[in-house]
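Novice: Input: one structure, supplied below.
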Amino acid sequence: MKIPGLVLVCLHLSEGVERCSGGVLETFLRNHPKVDPAAKYLFNNDAVAYEPFTNYLDSYYFGEISIGTPPQNFLILFDTGSSNLWVPSTYCQSQACSNHNRFNPSRSSTYQSSLTVLLGYDTVTVQNIVIHNQLFGMSENEPNYPFYYSYFDGILGMAYSNLAVDNGPTVLQNMMQQGQLTQPIFSFYFSPQPTYEYGGELILGGVDTQFYSGEIVAIDEFLIGNQATGLCSQGCQGIVDTGTFPLTVPQQYLDSFVKATGAQQDQSGNFVVNCNSIQSMPTITFVISGSPLPLPPSTYVLNNNGYCTLGIEVTYLPSPNGQPLWILGDVFLREYYTVFDMAANRVGFALSS
């Protein structure tokens, strides 16, 4: 029996959520698809940067940055679930690294080495923002699968510094400390109808009202409307993660979710639904700070040339306090313009335009 309205999560996003950046790109993808993923503002236009995204297969959104003097360009995945900046380097000779842009320290006049060959300091440029003496990591080895085929070169972590290697200043922290942003705010817009050329934008230092309708809902805490399912009645936690594509569901809640949609699991582990039945499937509603954030089936069902699957994955690991852990990935974030307020430790959502 299908449930017409399925209320899901009470989540708490905090600086204490432990999700470690392991040090190389392999660690990142190990916590992403097909593996358990668990781990109105006024502003000065001179201090706001717009970073356009490229979209690849509706699964990854990445933009361009540069490192060094003169600049060496890289396609980067901006990830709110990790904290470090990592790129392949000329120290890495694997086929996976050779198939991507690699940072060459000897070609940068502003490069400074650290005590380890894997870490260094240099100038990082994101659109019109220039960050001096930024710590970043350089991969010295990457396995061919899956890195050889990835369309991005590296990762720019946007989470708190306590997840960073050596707890060093993150790119965002240095932007603020060096006076590049007037406010400690960044926001994401993921286009509901992305193309490879344009998948959305990252706005550093503010928000852009053309990308959403209504007021932004500031999140001081997450609440669950459990009248429909009783899920999370004992509490849940969650991560708002631009580096994870699917909506991840705690293992103990997966059956309720799948039954409500009528999905069947195929041999590859995908949850398959009838493409002709999408409109009759339930709207999933997140209740956050008392505000309902609905996710219609047209958003959480992925249609790949007539083969329709749920944009979900299961997570088995709990949050650090033992409560069920959800991850609101790009499937959710494409529906909602998202603002990260680093000073107030909160996240805000508004319906994307």
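Placed from the backbone N, Cα and C atoms, the Cβ positions cover glycine too.
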Novice: C92 pairs with which of C20, C97 in a disulfide, per TrEMBL?
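Specialist: That record, TrEMBL, gives the partner as C97.
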Novice: How many Å lie between the Cα of D241 (active site) and the Cα of D79 (active site)?
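Specialist: So the alpha carbons of D241 (active site) and D79 (active site) sit roughly 7 Å from each other.
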Novice: Using DSSP reduced to three states, classify C97 (disulfide bond) as helix, strand or coil.
Specialist: helix
Novice: Mind giving me a neighbour count for C92 (disulfide bond)? Other Cβ atoms within 10 Å of its Cβ, every protein chain shown.
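Specialist: C92 (disulfide bond): 21 neighbouring Cβ atoms within 10 Å.
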Novice: To the nearest whole angstrom, what is the C-alpha distance linking C92 (disulfide bond) and D79 (active site)?
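Specialist: The Cα atom of C92 (disulfide bond) is 23 Å away from the Cα atom of D79 (active site).
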